[in-house]
């Protein structure tokens, strides 16, 4: 084996330094005058349909599924050099992801804000809305995962886009009815309209999660083609988009709502409808340019159709006694909706502990969302200072999308995960010490304690989102192509379940002077996640840390 370092750059992500084999394979295609490369893959891997114009020294080839760049002047094996993702392709993916995430975040926060204005003086409608919205996804996670595994990728994303837009548009219309005509409606009609809004929110949540899982856990893996550096970079940028939308989406709708709730509803509706065509076209162009997305999904879909045909023929061949049996039909229906079949696969998968540790982190009130904001306001924080704290926390969160890839490059993905969790646990340990210090003699209801809590939580978010990126890389690497949807859907179900449990803690301990107990429970969940991931790391590496060289350990 000859070891050579190849440095190159192309439009998009950087080409990393790699080890190459002395044996070379012939190029599978040649660029035409426009710079388009027609390639063939020996194992059916995906290719980019177009490439940027190339100079005289570099030709793009695809003799293997890994899509590598080949320098014509050298003899490197093209299978050893990762091909970068074209910038125009990545940009289209980012645009589609941004529009989907932006509209989802705006509607998620806006709907709660609008319901608060429609039903002043009570938190019951907002609580019911949030709980049912999350519970609805848990119930229907199994069909979502199955569809991601077996459905045509383009049809799936198209359906998720339309499935987001129609419920949001209908919800905005009904919210306007309640806002403008609510007092004229009878109690029964008012409750009926509210029930429809809740139902539409479940549909929007399902489609938004379907889009998110498909793009982040499936499309990114196929597009980056086993190029680990490219995948980490794309994951970080996608998460950066998520966090930006998480901050700016609610802030935008809040600023508009200051003028008028009605204007804010119309603004939400307008942004929702205005972006649908751009998002629809952008994601379709990505699909058309990466043939691996087409080939894999079409194969899965045709395979699924053949299996369905065989099952139908087998069912028709059996006697009417089996057709009339209620129990098999009921069992099949339950298995098709609830993730009963997916749970054994999820629990037995090698990536389970990393995934479940990530899900546990959703069991928290230590984020700048409704629960903690309510506490901060109750102890004397003004909306201005709450906003400043939230912006500061978001800055730390976004910084994690740069810090985590750097750390993964230095120590590896698995070790970077435990380092990130260790940072989060250390910050939260400091939070507890400060929070319960009682310096002013007011217990946990003092501005001093609340400020320490806010600062510590903001710092801990670096570790949270760093671990999120590490866990996502582990899951992308280890979950099989045919099971990505199922695995990620079950994971999302647990995330929603733990998020609901965090709401339950503040329902049980609802007074601001009892907020200390949800804080303790949240910190306990983080340390439990740290323990699970430490066990995962110990199983993988055989040890948790390297002993110093000066320490001699004898077997």
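Each residue's number is its place along the chain shown, starting with 1.
Keep in mind that glycine also has a Cβ here, set from the backbone N, Cα and C atoms.
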Out of 85-108, 109-132, 133-156, which range is noted as transmembrane segment by TrEMBL?
109-132
When counting Cβ pairs under 8 Å to the transmembrane segment (241-259), the leader among 109-132, 162-180, 352-378, 416-436, 515-536:
109-132
Checking distant contacts: for the transmembrane segment (416-436), what same-chain residues at least six beyond its ends satisfy Cβ-Cβ under 8 A?
354, 357, 366, 400, 404, 407-408, 410, 444, 449, 452-453, 456-457, 459-460, 462-464, 466-467, 470-471, 474, 516, 519-520, 523, 526-527, 529-530, 533-534, 537, 544
Does the transmembrane segment (515-536) come near the transmembrane segment (352-378), with 3+ Cβ pairs under 8 Å (pairs 6 or more apart)?
yes
